C-alpha cells in the first residue's frame, strides 16, 4: 500500500475548521469506566495537532458489537470522560452520531474543544457502508481524518463511503502504522524473522504464504504448530489439529525449502491431559507428543532455540501467542518470545507486533510497549496489510 496518493494530516487545510476524525476507541470498559486507555492515547498526536490548529474536533468511533441496535452497555459516554482526562479540554458528548443530536452538540462546542459522537454501530447502516448514512456523518465536519488503523480493513460508512462526501487524509497514527509495516516488508534489515502463532493454520495460510517471499526465518508456534509437526511425521497426541490442513502445511514447508527460508517449529512441548490450568503438567523430551496429552505451550528447549535465532535477526514481526498464555502454566513460551523481542530491540533490531493477542501477552507479562519498535493497534488490519490485501479505509482516500 503506497501513501503517495493519500493526503496526510499535515497536508490538509484544517485551521479553525470543524474536523471529523474516525478514531478507534473500541476500548475495554469495567464498572462503567475505561479499563485501558491505550487506544485513546494512541490518537493523541493527531487530536493535539487539531486542537493546536484551533479546530473543533469531532470524534467518531465504534465500541463492541451492538449489531445495529442501541444498547446502553456499548455507549461511548464513559469514553468521553476518559477523552477529557487524556486531552485536558472540554469534551461534549452527542447522544447520536447523526441528525439533530449530533448537529446541536457540535454547534454548542467551541473551537479548541472536542465532540465525541455516540457509537457508530448503533446504526446497521454503518457496517453496510451505506452512502445515505455516510452523507449524514459527513455533515458533522468540513474535513475528514482517518485515524483508526484498526478498522481500515473494513469497508464501513465511517471509513469508506464518508470519503465520497468529505475530502480528507490520514492522521499520524495511521501514517506510522503504514510506514512501519510497509518499510518492514518492503526493505527490511536482514535477517528478517516472522513469528506466527495462534490456534489455526486456516486463519494464517495467506499470511504465511506472503511471508515466505519476504522473510529469512519463519518461526511457527501456538496451536497451528501441531498441524505442521503432524505433516513432518511427529505424533501430536490429542493436541489441536487441523487434519484437513496437513497437506497445506506440507506445501508451505516445501515452498520454504525452495525459497531458502529457515522454518523453526517447537522441539519440545509443555503438555497436559486437559485444557485446564488445574490438570497435571508434563514437558516432552522431543517434538513428539504422547497419546492422551495435548501441547499447550512450547518447552524450554524450544524457548532457547527461538531466543538464539531471534537475537541474530535485524527485523522481527510477531503475530499470535505460542501457547495458551491466558493460563499461568502455559504462559512461559509467549512471555519468552516477548522478552526476546525486547532484547533484540536493545541490540538494534526493528521489532514489530502485529496487534491482537500478542499485545495481551505484553500486558500480562507487564512489558511496556515502548520497549519494542512498534506495536500495531490493528490486529486484523495489520495482518491484511502484511498479506498485501487492499485496505478499503485507505484506498477510499487515494484520490
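Here the Cβ of each residue, glycine as well, is placed from N, Cα and C on the backbone.
Record features, source Swiss-Prot:
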BINDING   24, 25, 26, 39, 62, 63, 64, 65, 121, 154  substrate binding site
BINDING   204, 295, 326, 355, 356, 357, 358  ATP binding site
Residue 295 (ATP binding site) - helix vs strand vs coil (DSSP): strand
For residue 358 (ATP binding site), the number of other Cβ atoms found within 10 Å of its own Cβ: 26
Minimum Cα separation from residue 355 (ATP binding site), reported as the residue among binding-site residues 26, 62, 64, 121 that achieves it: 26
Other CB atoms, at most 10 A from the CB of residue 295 (ATP binding site): 30
Residue 358 (ATP binding site) - helix vs strand vs coil (DSSP): helix
Protein Cβ atoms within 10 Å of residue 121 (substrate binding site), excluding its own: 25
Longest CA-CA distance among 24, 25, 26, 39, 62, 63, 64, 65, 121, 154, per record bound to substrate, angstrom: 18
Those binding-site residues listed as 62, 204, and which of them has the most Cβ atoms within 10 Å of its own Cβ: 62
Which of 326, 357, all binding-site residues, has a Cβ with the fewest other Cβ atoms inside 10 Å: 326
Cα-Cα distance linking residue 204 (ATP binding site) and residue 26 (substrate binding site), given in Å to the nearest integer: 24
